[in-house]
Amino acid sequence: MFLDELISEFDRGLRSMTGVSRMSRPLPVPQESAVTEAAPELSPAERAHSAGLMRVNHVGEVCAQALYQAQKLATRSPSLRAVFNHAAIEEEDHLAWTAKRLEALDSRPSLLNPLWYTGALAIGLAAGRMGDRVSLGFMAETERQVEQHLDSHLEQLPEADRESRAIVEQMRVDEVEHGKAAMEAGGIELPFPVRGLMRAVSKVMTRTAYYI
């Protein structure tokens with residue numbers, strides 16, 4: 001059984017790194033009520049900026065897959081495995097959505113995805129080794145920081161890029177729920193230095209992924 005699970009997670013990891021992700025939910029689209037007229041064409045600068053932001057979001061989902069796969073494998077609790085697995089499935093939707101949007105913007109995922117994935121996998125295993133409550137706290141803090149990034153992206157994305165905005169808005173809804181579920185399952189608040197280190201690492205990743 002563990003071997004089957006390991007093979008399944010390995011397959012998911014390969015899909016994460018190669019950009020071949022499965023969608024369990026359809027691609028979010030702008031609400032009809034928000035679309036009163038045809039959106040103007042994005043300028044080359046707006047298209048490039050949207051692509052950079054969506055590439056950052058795609059990298060975040062690559063990392064989320066690795067984190068939750070590692071944490072799922074590290075815990076012995078069936079109920080916590082279910083928590084991590086549910087989050088991973090929805091994050092795989094995010095991965096597929098952002099990949100689709102990058103393609104529509106005539107752009108590409110980060111060239112460093114294997115590096116991001118490997119690093120996040122190691123961090124997830126380390127968090128899992130510290131115990132379930134710490135691991136859940138790490139999940140909650142990760143989602144909290146992702147939520148802040150998405151808020152920032154909603155402020156930065158061009159108003160005309162309704163498609164990207166619809167994706168980011170749904171991602172934000174999901175991330176809030178994942179963080180809430182982690183705390184309700186027994187997660188603890190991480191110490192301030194740990195949260196600060198996570199922000200510093202995230203800043204390096206986002207700045208790099210925007211371009212590469």
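Cβ coordinates are placed from backbone N, Cα and C, and glycine is handled just like the others.
Quantities reported herein were computed from a predicted structural model and do not represent experimental measurements.
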Correct range for region 'Disordered' (source Swiss-Prot, candidates 21-42, 131-152, 153-174): 21-42
Additional site residue, Glu91, Glu92 [criterion: listed by Swiss-Prot with Glu143, Glu175, His178 for Fe cation 2]: Glu91
Per Swiss-Prot, Glu91, His94, Glu175 bind Fe cation 1; matching candidate in Glu61, Glu189: Glu61
Candidate nearest His178 (Fe cation 2 binding site) in space, where candidates are the binding-site residues Glu61, Glu91, His94 and distance is Cα-Cα: Glu91
Spatial neighbours of Glu175 (Fe cation 1 binding site) that are distant in sequence (at least 6 apart) but have CB under 8 A: Glu143, Val146, Glu147, Leu150
Any further residue of that chain within 8 Å (Cβ to the Cβ centroid of Glu91, Glu143, Glu175, His178) of the recorded Fe cation 2 site: Ala64, Ala87, Glu90, Met139, Thr142, Val146, Glu147, Asp174, Val176, Glu177, Gly179
Neighbourhood of Glu91 (Fe cation 1 binding site) by C-beta distance under 8 A, where only residues 6 or more apart in the same chain count: Glu61, Ala64, Gln65, Tyr68, Asp174, His178
